[in-house]
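Asks: For reference, TrEMBL lists these features for the protein:
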type	residues	note
TRANSMEM	27-48	transmembrane segment
DOMAIN	28-311	domain 'ABC transmembrane type-1'
TRANSMEM	60-77	transmembrane segment
TRANSMEM	170-190	transmembrane segment
TRANSMEM	251-276	transmembrane segment
TRANSMEM	282-302	transmembrane segment
DOMAIN	342-575	domain 'ABC transporter'
Amino acid sequence: MNNNINNKERGPFSYLFEWAAPYKSKYIASVFTAILGVLSSIIPYYCVSRIVTLLINEERGFTTYAVWIGIAAIFWICNYLFHAVSTTISHGATFAVIADIRRRMCGKLARMSMGKVLDRPSGETKNLIVERVDSIEPTLAHLVPEMTSKLLAPVVILIYVLILDWRVGLWSLITLPLGLLAMMGMMVGYKERFSLYVRSGKKLNSVAVEYINGIEVIKTFSQTAKTYKKFTDAVRESAHSAIDWMRDTQIFFSAGMVIIPSVLVSVLPASVLFYLQGTLPVNEIVMIVVLCLGMMTPLIGAMSYTDDLGKIGTIVGEINEILEDEELHRPEKPAKIDRFDIAGNAVCFAYKDTEVLHGVDFVFREGTVNALVGPSGSGKSTIARLIASMWEVTGGNITIGGVDVRDIPLRQLNDMIAYVSQDNFLFDETVRENIRKGHPGASDAEVEEIAKAAGCHDFIMQLENGYDTIAGSAGGHLSGGERQRMSIARAMLKNAPIVILDEATAYTDPENEAVIQSAVAKLVEGKTLIVVAHRLSTITDSDQIAVVNQGKIEASGTHEALLKGCELYHRLWETHIGSKDAVEVQ
């Protein structure tokens, strides 16, 4: 789904206001106090003009000066107090909005198909949720309250100057259109340049994550950051996009920042001319000049936010790429499921417009062990993931207990299925908490009991802090076999009626294989099991083996039946036995 922010129906600020709506009262309070602050900042300039007028009139009374100085000091203090209160309120509301957006984005990712999530590089997704969402902070926390108030101050001053002398008031407006022309020059092509800068930044994030994850391979083949061309190209592209963007826009931005606040450039000559004509007294000239000086600071402050105005459309558009993307639509009402047979009826699935499953039919009976085997890329894992609704079928349907998986709420479906993949991902938390992910309400005793059943307890107790040892990012502090056993323990703790093992033991060494097979046997006892098999010797006792080839199920049956009746399975078995014998010889 393409959610371009140029959609004529909605602009970026309509989305911002929608996201900020729950905190509307706080933003109103922030704007109100900001206005009070800016108005307070004008009073000292008025006081200065009165003091200068008193000096011109040779006033000798100290009390008169002291009164105006005191008033100026009080309002300067009020200005800073109101500003502090305004920014505190706006930042509190903005950080709450940012937290809400991040929660919505993470929740959205959980409701999207796994294919859509995996299509976007992890570095890009991280950049979007962290850095890009943070980018709305200047707009909401500063632009809304501060730009509103900073634009109000010059308007109030202008009205007062027009009251004093309408001719000078009109002269004070001359710099405004000239400055706006300069700012318009900056905005020509601004969105395209900023979008290019953002795209190059996302690409750099993705390549940097890839570079870090592949550092072992890069070092093994004697490459460096300089020789790893993909990384250096991404760095260069990001740098050039930023330089080009700044070069093409900053001359206009600087001109606008100089011209618009330069009110005195037009006001002073006009005031002197009217004074020489005898139509404007000195005391009014002094007041107008000092007030115009007071107009400059808020104008410069307001102008500094024009850059954020140019960026916000792209930023909101990026956030909406996730928030408004298509998700897996599921009912809220729980489905009535009495049994856990799994059936596929003419199942088709296309990945990026390329169909990879072509009218697949299968039936996995409740409480049986079922295996999916076949050549690499044949569609085995795709079938397993479709059963778990990680992707949406593009044709046909999959049912559990006779109910289409699309008619089962995601939470209910997730509760029914324990999915263990070959990735064996672990969080950077304690070993105990990683296992407890299978059942967050489990007690420490239950976690340890499951760990013993999965063959984890002994190696866990040998770790520095036992069950309280940090597993490390993605389980990096544990061996592959240890991570596999912990993943199985997590699935055992979930105690779901359907278990899917997606090549979960693909990289198991012989030393761990017996332990893991024993753990798997305990995990699947009495459950409906689907195994995407890498080692055929582990699934010979399956109730049913489905042979997948080129997106279709070529044959299904027991191990013995397939050896006799399926040429592909027989060939796969011979290859497996040959490789196994070679390993044993070594």
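Note that Cβ sites are derived from N, Cα and C of the backbone, with glycine treated the same way.
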Asks: Per the definition of 3+ C-beta pairs under 8 A with sequence separation of 6 or more, do the transmembrane segment (27-48) and the transmembrane segment (282-302) touch?
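Replies: The answer is yes, given that the two segments have at least 3 Cβ pairs within the 8 Å cut-off.
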Asks: Where else in the chain does the transmembrane segment (282-302) make close Cβ contacts, counting only residues six or more beyond its ends and a cut-off under 8 Å?
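Replies: For the transmembrane segment (282-302), the far contacts come to 38, 41-42, 44-46, 48-50, 52-53, 56-57, 146-147, 149-151, 153-154, 157-158, 160-161, 164-165, 168, 172, 257, 260-264, 267-268, 271-272, 275.
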Asks: Average the per-residue pLDDT over the domain 'ABC transporter' (342-575) and send me the rounded value.
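Replies: A mean pLDDT of 85 is what the predicted model shows over the domain 'ABC transporter' (342-575).
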